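**Student:** What TrEMBL shows for this protein is this:
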SIGNAL    1-28  signal peptide
DOMAIN    29-324  domain 'Plant heme peroxidase family profile'
DISULFID  Cys39-Cys119  disulfide bond
ACT_SITE  His70  active site, proton acceptor
DISULFID  Cys72-Cys77  disulfide bond
DISULFID  Cys125-Cys320  disulfide bond
BINDING   Thr198, Asp244, Thr247, Asp252  Ca(2+) 2 binding site
DISULFID  Cys204-Cys229  disulfide bond
Amino acid sequence: MASKKLISILVLVVTLLLQGDNNYVVEAQLTTNFYSTSCPNLLSTVQTAVKSAVNSEARMGASILRLFFHDCFVNGCDGSILLDDTSSFTGEQNAAPNRNSARGFNVIDNIKSAVEKACPGVVSCADILAIAARDSVVALGGPNWNVKVGRRDARTASQAAANSNIPAPTSSLSQLISSFSAVGLSTRDMVALSGAHTIGQSRCTNFRARIYNETNINAAFATTRQRTCPRASGSGDGNLAPLDVTTAASFDNNYFKNLMTQRGLLHSDQVLFNGGSTDSIVRGYSNNPSSFNSDFTAAMIKMGDISPLTGSSGEIRKVCGRTN
């Protein structure tokens, strides 16, 4: 008798949770098939647009991937980096880590327009960015994975959080470990995700101090970089150099091989292989590309789970650059 009563109470509690305001109980989990019925052509629409953008400019793949990183590290993967400044908040686009360097907003806007035509008011900008990041990696020869979706878009952004939460190119190993740990990512996740620097380019202002002042750098590599990055601050700040000197437009494990020969472009790159706790991980990825690919995809999925807005939180923006 007592057991039947207990079962009845449990059934009642579960029913109330499912029917009440606590929708997060059933909706908080992101899934890979969230839009399978509501927007069945979503994945092909995003993939086509990303392929076109990357074919036009290979660097765009790295730029979109970077947008996703910088979005997730600031109050979760909520599309906040896509918001333009308004009278009520100062957005993230002009924060120090993004100013004059974050790009690809037009590509995401174009994808959003195409998706809105196919299924209006259904898919969030945050999810479009997550899918586009995956498709960018694949377009440049990298691994594929199933992107979890169901995020909603933030109604605000935080320049202050962007300035404090996104790891700087001058970060030490302990600072990197701490920054990633703060959002639930392990040291191994951090090294794997740093491998995204196998594609893309960086501005002279981000690596000037390394190529002129640091000693744990290949001399010929430093000399080459110095040719297009003058010593004087303010001179050539925006001049670009590939983060992976070997294959800048291919997603592979050469980034880690470069670190082992002291050819990491950024200070925050080379600290991963500099006699510290992550040397063995770098060595492993350098020798085993499949291990890197596997850990990278797992870390990307894990990063995509950082504090998503779900259920009735946030909104589905009509235009990614502004709230509804």
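Every residue gets a Cβ built from N, Cα and C, even glycine.
In the displayed structure, how are the listed features positioned relative to their neighbours?
**Tutor:** Residues near Cys39 (disulfide bond) in space but far in sequence (CB under 8 A, at least 6 apart, same chain), listed by position: Val115, Ala118, Cys119, Val122, Val123.
Non-local contacts of His70 (active site, proton acceptor) by the CB criterion (under 8 A, 6+ apart in sequence, same chain) comprise Ile81, Glu92, Pro97, Asn98, Ala102, Ala162, Ile166.
Spatially close to Cys72 (disulfide bond) yet at least six residues away along the chain are Val183, Met303, Gly304, Ile306, judged by Cβ distances under 8 angstroms.
In sequence order, Gly79, Leu82, Ile108, Lys112, Asp153, Arg317, Cys320 are the residues near Cys125 (disulfide bond), counting only same-chain partners six or more apart with C-beta under 8 A.
Neighbours of Asp252 (Ca(2+) 2 binding site), defined as other CB atoms within 10 A of its CB across all chains, total 19.
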**Student:** By the count of other Cβ atoms within 10 Å, pick out the sparsest of the binding-site residues Thr198, Thr247.
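**Tutor:** Least crowded of the binding-site residues Thr198, Thr247, by Cβ count within 10 Å, is Thr247.
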**Student:** Let me make sure I understand the structure: which of the disulfide-bonded residues listed (Cys77, Cys204, Cys229) has the fewest other Cβ atoms within 10 A of its Cβ?
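**Tutor:** So among Cys77, Cys204, Cys229, the disulfide-bonded residues given, the one with the fewest Cβ atoms within 10 Å is Cys204.
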**Student:** Can you check how the pLDDT averages out over the domain 'Plant heme peroxidase family profile' (29-324)?
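**Tutor:** Its mean pLDDT is 97.
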**Student:** Round to the nearest Å and give the CA-to-CA distance linking Thr247 (Ca(2+) 2 binding site) with Cys229 (disulfide bond).
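**Tutor:** So the Cα of Cys229 (disulfide bond) lies 20 Å away from that of Thr247 (Ca(2+) 2 binding site).
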**Student:** Just to verify a number: CA distance, Thr198 (Ca(2+) 2 binding site) to Cys204 (disulfide bond), in angstrom, no decimals.
**Tutor:** 17
**Student:** Can you check which residues sit near Asp244 (Ca(2+) 2 binding site), meaning Cβ under 8 Å from its Cβ, same chain, 6 or more apart in sequence, and list them in order?
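**Tutor:** Non-local contacts for Asp244 (Ca(2+) 2 binding site): His197, Thr198, Ile199, Asn254, Tyr255, Asn258.
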